[in-house]
Amino acid sequence: MKATLGIIGGSGVYDLAELTRVRELDITSPWGMPSAPPKEGWLGETRVVFMPRHGAGHRLSPSDINYRANIDVLKRAGVTDLVSLSACGSYREDLPPGTFVLVDQFMDRTFRRETSFFGAGCVAHVAFSDPVSPNLVARLANAAVEAGARHVVGGTYVCMEGPQFSTRAESLAYKAMGASVVGMTNMPEAKLAREAEIAYASVAMVTDYDAWRPHEDGVGVAEILEVMRENGAVARRLIASLAAAFPAEHEPCPIGSDRALDFALVTAPEHRDPALLAKLDAVAGRVLG
Ligand SMILES: CSC[C@H]1O[C@H](OP(=O)(O)O)[C@H](O)[C@@H]1O
Ligand SMILES: Nc1ncnc2[nH]cnc12
C-alpha cells in the first residue's frame, strides 16, 4: 500500500506553506462537515494531506470540531499515517515551553464529543492500550533531532473538554494522576484514527505550565499564542524532515494500528444496520468488504 502522510495542524498551524503541487480535495463525508477541505500536496516524494483542525481562521472550538468527519475524510484521501500537531500545557518542570512531547499515552476527560464511528447496528471494540504508532514516533524523534527541536519521547496527554483552561485544583489533580501534558483535542481524534486503521502519533508542543505551579499567574492565551508561533516554525521544519525520510510504501504498524478492525466487530452480520454499514464504507471498508 502506498504511504500517504496526513498532518492535522492544531492551534497556530493552519497551513503547510512548504507543500508543493497543492490542491484542495473535494471529498464529502457521511459523518458531516470536516473542519476544512483537506489539501493534498507533496514534500519531496511524499504525498501529504493536510487538515487544519480548528478550520480556516481557527473557527472551531475543541468541542465543536467534527472529529469523525475529519478522520473519515483523511481516510478517504488515502492517509495511512497521521501526525497530529497540538499545543499543550505542561505538568513537569523538565518539559518547559518549547518542548515537543512525542506522547505515548492519553487520558480522556472529554464528555461532549462523539467518540466512535461504531454503535447501534455495528458495535466494535478496538484495542487501544498502545494508542500511538511506534514507527511514527521513531520517525518523528529522528525528524526532531534533524529539525533541532527540543523533544522528549514518551509522555501522557490528558485531554480536557475546555474551552476554559483548568482550575488550579484540576491542574494539580491531572499532574497527580501522572499526566505530562494537557490539551483539548487529541481525544477522540486518536481513538477515531485507530478505528479507521490509520497509524497515529501526536506531537504535543508545550506552550505553558498550565495552572499547577505555585505563585504563578494562571495560564493565559496571550502568552500561549506567542510561544505557539515559535513552536509552529519548528513544527514545520520537523514535518519537512519527517517527510524527507518517509517511506513510499506504508510500513506495517508493529502494534497493528493499521489492522485494528481484524477482530473488533462484534455485531453478528445478520444484525448489522445497513445504513450504518454504508457510512462505514471508508473507515471499515477493508473488513466489511
Ligand atoms: C489556543 S490555546 C488552546 C487550544 O490549543 C490547543 O489546540 P490544538 O490541540 O488544536 O493545538 C488546545 O487543545 C486548545 O484547543
Ligand atoms: N494549559 C493548557 N490547557 C489546555 N490546553 C492547552 N493548550 C495549550 N495550553 C493548554
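Glycine is no exception: its Cβ is also placed from the backbone N, Cα and C atoms.
The Cβ of Ser86 (phosphate binding site) lies under 8 Å from the Cβ of Gly10, Ser11, Tyr157, Gly183, Thr185, Asn186, Ser202, Val203, Ala204, Met205, each on the same chain and at least six residues away in sequence. Residues annotated as phosphate binding site in TrEMBL: Ser11, Arg53, His54, Ser86, Ala87, Thr185.
Look at TrEMBL and you will find Met184, Asp208, Tyr209, Asp210 tagged as substrate binding site. Counting only same-chain residues at least 6 apart in sequence, those with a Cβ under 8 Å from the Cβ of Met184 (substrate binding site) are Pro62, Thr110, Cys159, Met160, Glu161, Gly162, Pro163.
Across the domain 'Nucleoside phosphorylase' (4-242), mean pLDDT in this model comes to 97. According to TrEMBL, the domain 'Nucleoside phosphorylase' annotation covers 4-242.
Remark: Ser166 (site 'Important for substrate specificity') has Gly89, Met160, Tyr174, Val182, Asp210, Ala211, Val219 as non-local neighbours, by Cβ distance under 8 Å and separation of at least 6 in sequence. Taken from TrEMBL, the feature site 'Important for substrate specificity' covers Ser166 (among others).
What TrEMBL records for Val221 (among others) is site 'Important for substrate specificity'. Counted within 10 Å of its Cβ, the other Cβ atoms near Val221 (site 'Important for substrate specificity') come to 12, all protein chains included.
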What remains of the recorded positions Ala87, Ser166, Asp208, Asp210 after requiring a CB under 6 angstroms from ligand 1 is Ala87
Of the recorded positions Asp208, Tyr209, Val221, the one whose Cα sits nearest to the Cα of Arg53 (phosphate binding site) is Val221
Expected list for ligand 2 (Cβ under 6 angstroms, recorded positions Arg53, Thr185, Tyr209, Asp210, Val221) reads Asp210
If you rank the binding-site residues Ser11, Thr185 by how many other Cβ atoms lie within 10 Å of their Cβ, the lowest count goes to Ser11
